[in-house]
Each structure stands twice: as structure tokens, then as C-alpha cells.
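These come from TrEMBL:
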type     : residues : note
ACT_SITE : Glu117   : active site, proton donor
ACT_SITE : Asp258   : active site
ACT_SITE : Glu351   : active site, proton donor
ACT_SITE : Glu372   : active site
BINDING  : Thr475   : Ca(2+) binding site
REGION   : 513-553  : region 'Disordered'
COMPBIAS : 539-548  : compositional bias 'Basic and acidic residues'
Amino acid sequence: MPFRLLVPFGLLCALLPLHHGAPGPDGTAPDPAHYRARVKAMFYHAYDSYLENAFPYDELRPLTCDGHDTWGSFSLTLIDALDTLLILGNVSEFQRVVEVLQDNVDFDIDVNASVFETNIRVVGGLLSAHLLSKRAGVEVEAGWPCSGPLLRMAEEAARKLLPAFQTPTGMPYGTVNLLHGVNPGETPVTCTAGIGTFIVEFATLSSLTGDPVFEDVARVALMRLWESRSDIGLVGNHIDVLTGKWVAQDAGIGAGVDSYFEYLVKGAILLQDKKLMAMFLEYNKAIRNYTRFDDWYLWVQMYKGTVSMPVFQSLEAYWPGLQTLIGDIDNAMRTFLNYYTVWKQFGGLPEFYNIPQGYTVEKREGYPLRPELIESAMYLYRATGDPTLLELGRDAVESIEKISKVECGFATIKDLRDHKLDNRMESFFLAETVKYLYLLFDPTNFIHNNGSTFDAVITPYGECILGAGGYIFNTEAHPIDPAALHCCRRLKEEQWEVEDLMREFYSPKRNRSRFQKKTMSSGPWEPPTGPGTLSSPENYDRAREKKPTKQKISLLSCPSQPFTSKLALLGQVFLDSS
């Protein structure tokens, strides 16, 4: 029986009463207000340390109290932390940071940047901040949310990524130079997550700007991964984007694959797209059949289904949250409890954990303060109110403060066996880990809105309802309001109508120049050509068949288990370099 999705906006599922009786170490229940205050203090200790010691670099080095650039020289931690500021209620700092980013961030730089990381952290962070600006008291433009400085910044950053999609397959390179495009010697090998993690940000960007190029390239990349799956329904973790041949054939739910599955579900909800959800459900069957063993998920050979690595990776801890999102609560809880036993064993999740041996894997003993298990606890608690999930929140606060806190922020744990530290505080600590912890203990936060309050906004395209809840979080935990995609739809529909009329007069071959015309003034990007690319007529038609004007899809409904809020949160980041 297929699981049913939650409705992403409008009437949301009925609220569950939250249970606050999770026992503490001494048998007493943790006080949510106490832990909210603790988490808020954690955030400001890290955030203030970044501002004082690391800005304008990307990230803080907490052991040496200085900063360094990591993913591209964007003041990344500031972008990643922006929506967390609002969730914590700091309106004035949100407003100040918006001005700082407008004045200081420049994407026209000679820097080789990760396409994946730039999308989820920078494009996603700017889009989220743009959509939250009015709530934060920022004076917005007359055309908002269809225009605004943060939206223009997000579009500029995304356009810098488009040359990466100029491949024979339509699947993107992993790295692009922001000034010159893809370097001639760039490796064509990209991880699966680095190909399939664009639809949330790019579809949002296309909807708000009226330019379909972003959603189109994201859809083509998703479709090519789907077409590349093995006969038993699995995908590997690295593929050659020029030839479409798999380079690494280990199949699983963790590093290198994770957010591809996540974005099929989220893209389905965001766009009310049954085809994307059907794709995920097919993958889910294969994952259960070949990789699941006693509520653990192993790595297997993608063509044979034989076990290749009997390990649990910390990045896989998002999976119970994804299961919760599709209504598979029982399986989600069982898997979560397995992962929680690992946390209690070490005070964190090691990057790799050997399941048969019950211990860490050599050179993978670290814990960089990842959010995935906390993320899953967040989802499951909103779904069930089970006090065990509050215990994880309490344990996370206590262990991170005890092990990781230093004078200048919070340091990555290099080795969970002896609690040695490493000189790095990744930006996702403020974007995701702290955010999930805070919302776990804050049931009345606006993120958990059940639709009882909303904001009516007049746009050049008509009235629009925003802020009614049901936020969809990208994999870096940046919230996107699904209703915002409809605020600017008229612009998008009118543009598509004009393009459809033009297609009646021009041949498919001549029509390929439309992307060149559209992007000529904003950058050097040219479309890929050849079989399987966006420019081929069959893929162009397939990518465009999701147009809102022609799509007749009934609203997807709530699962049988009631949720306290429609979507709560979901987020993780792929950083494994193996």
C-alpha cells in the first residue's frame, strides 16, 4: 500500500498534544523552556564567535579563533545562519545581516565552487531569507515576493551554476568556476546527490522569477538519474556525467546518494508532482528489498544486491525523518532507535559505524556536529509525541556542550573515542543542528503553524497567501513557503504561453536557441546539446510537462497518522569526499 503525502499548504493535519514528560538523567522530565534557552545560548556562542573572529570568511576555526574560506568565499556561515536568527526571534539582527549581505557578497569572483554546496547553502539560504523578509520586518519591494534584492542575489548565484549542467547527459559537473564556468580539466565524476539535489531551490527560483531554465535543468538531471538505475532498481553513488556510466556502484541511502531521495519526496510535495513521488516509492521498494537488514540499511552492489559495506554512516540518520514524511512511522521509529543506540554509545554519531562489530570504522571516528539524527527526532516527535525523542534532544545538547564547546564556538569532534577536537565549525551547525534542537523544544514556533494564521499579500499578479505553515526545508534546513510558488505564477504562465506560441512557428532545432537568448544578457551559459540533454526535443517536452497550467493533479492528502505540523523540518548535507 503506497504511503500518502501531506498537503504542503492550506489546511494542515490536526495538531497532536505534545508530551513534555521525557525523563532526564535523574528521572525528571526536561523543561522545554530550559532547553530552548540552552540551545539559544549555544547558537549565540557560536554565532558571536564567528562574527568576532571569522567574518567575512566562510567559516570559523574555533580552536585558533580565526576564519577560513571553505566552499567559495561567500561569508557562508552568515548566509546559513540567517533564517535561524528569525526562528530564534531575533528580528533586528536578521535585518542587519540582510543589509550586510547585500553590501558585501559578490558572486562575480574567480573561485572554484561546489555546485551542490553553493545551491543548498547559498541559493537555498538566500531564497529562504527572501521569503521570510516581510515576517522579519524588512521593508520589501512593491513586487515582493516576485522581486527583491535577496531574490536577485539567489538568481545570480544560481546562474553561476548553470554552466555545470552543460553536459551531454544534462547531469551537472560537481564544481564550477564562478567567473569562467567549468574548468577544462574538471573531473566528470559527480556523486548522485550532487546531481539530484536541485529541484527544491531551482523550482522555487523559476516560480518566483518566471524563468523556467532553473526548474528545467533540475528536472532533466533527476530524470537522467532515474533512467540510469539498475535492473533491480538501485543507483550507485558516483557517475560520469559525460557518458552516464556509473563509476562507484555501491548503493545505499547515505553519503553521495542521500539528498537525491530526499528531493524526490520534497519536490513531489512542493510541486504536487505525483511522478516524482512514484519514483521515490519505486526506489523505496528496492531499498527495502536489497539494503535493509533488521531495521539497519547497508551498502550493496547496485546490480547484484550483494552486501558491499556493512556500515552505518551518520549521514544516513536523515532516513527516519524521510520515512516520517511519507507516513511510514513504525519503520521510522525502529530505525531511529537503532541509530540512537549508537549516539548513546559515543555521545555522537561517528561518520562510519561497523554494524556487525558494533564500533567505529578506522579514520571515520569523527562527528562534525551533524544534524541528521536530531532532524529525524524532530520529525518523529511532531508525528508521535513520543518522549524518547525529547531524550535525544536533551542528550544532544548535553554532549555537544560538554565535548565540543570551546572559547571561540563549537569544534568538530575529530574522534568520538577520546573526544579529540578538530579546528572547524561547519556552517550547517548554525543552519541545521541548532535549528532542529530549538524547534524540538519550541512547539509554538511559527514554523509549526497549523494554518490558523497567515499573511495576505498583494502582488502585481494578484492576492497571495503566505506564512500559513507547511514549510518545506531544503537539505540545509532553509525553509521554503510552498504558497510563494503560486504568488508569481501568472508571470510564469504568461511566459510559457508565449514560448508555446513560438514553438508552433519554429522547428525544435531552431528552438534550441531560446536558452541562449534568455541567458545571453546575464551570463555566458549556453545549453547542452545532443541526445539526452535538455535541448533535445523529447527531454524538453518531458521536462516541461509539469507546467502548472496543464497539470491536473489532485491535492495529495495527509497520512493516517496525524502530524502536529505539515512538514516540520528536514535537512542534511553531503560532505563525504570518498
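Including glycine, each Cβ sits where the backbone N, Cα and C put it.
Annotations in TrEMBL come from automatic prediction, not curation.
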Revision key, fill the gap. Here the Cα-Cα span from Glu351 (active site, proton donor) to Asp258 (active site), rounded to a whole number of angstrom, reaches 14
Review point. Taking Cα atoms as reference points, which of the recorded positions Asp258, Glu372, Thr475 is nearest to Glu117 (active site, proton donor)?
Key: Thr475
Practice item. Could you state the whole-number distance in Å separating the C-alpha atoms of Glu372 (active site) and the residue listed as 'Ca(2+) binding site'? Key: 10
Exercise for review: Within 10 Å of each Cβ, count the other Cβ atoms and name the one among the active-site residues Glu117, Asp258, Glu351, Glu372 with the highest count.
Suggested key: Asp258
Study note, to complete from the structure: So Thr475 (Ca(2+) binding site), by the Cβ count within 10 Å over all chains shown, scores 29
